[in-house]
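Listed features, source TrEMBL:
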| type | residues | note |
| --- | --- | --- |
| DOMAIN | 3-119 | domain 'Rhodopsin' |
| TRANSMEM | 12-32 | transmembrane segment |
| TRANSMEM | 52-76 | transmembrane segment |
| TRANSMEM | 88-108 | transmembrane segment |
| TRANSMEM | 114-137 | transmembrane segment |
Amino acid sequence: MIKSFGVDDWLMLIAMFFFTLHTGFCLGGVAHGTGQHAVDLTASDITLALQNWWFCYLWYCATMIFSKASIAFFLLRLTPIWSQRVTIYATLGVSTLISVAFFFVAMLQCLPVSFFWTRLAGTGSYFTFTFLPVWLVKGLQVDKSTKFALVPILSLGAT
């Protein structure tokens, strides 16, 4: 065993830092209602729970990026075989690219970012999926009684 503090160890320390942040925000989210029914929470608790949830996404991504990199660098310390090293580097590269992309998707899924925790209760899709069947059925070449029967059936998906 090599008794040295290598790149893999530093990367794992960074991963542990981000994991600590992740855990803190998870606990903050639970304290403000994550996992509970929204009707049992105040508006401010819902906002704080969602803020914590959003940060959990980011710190989870960062934790995974650095922990996977740490494992890869640890494996590189163990193998002198060229083909295995190439496989480790390739896997590390692909994994890092995907993880960094996921980090930015998670961070920017709502613009502005605050919309993630200040969004209003969604009503647009309910309205659309309730009344869209009327428009669709209107143009069908079937008798009126069939049209009147189809609209409520197709509108059920909105509730």
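Placement of Cβ uses the backbone N, Cα and C atoms for every residue, glycine included.
Per-residue pLDDT, averaged over the domain 'Rhodopsin' (3-119), rounds to 90.
Secondary structure of the domain 'Rhodopsin' (3-119) per DSSP, as helix, strand and coil residue counts: 94 helix, 0 strand, 23 coil.
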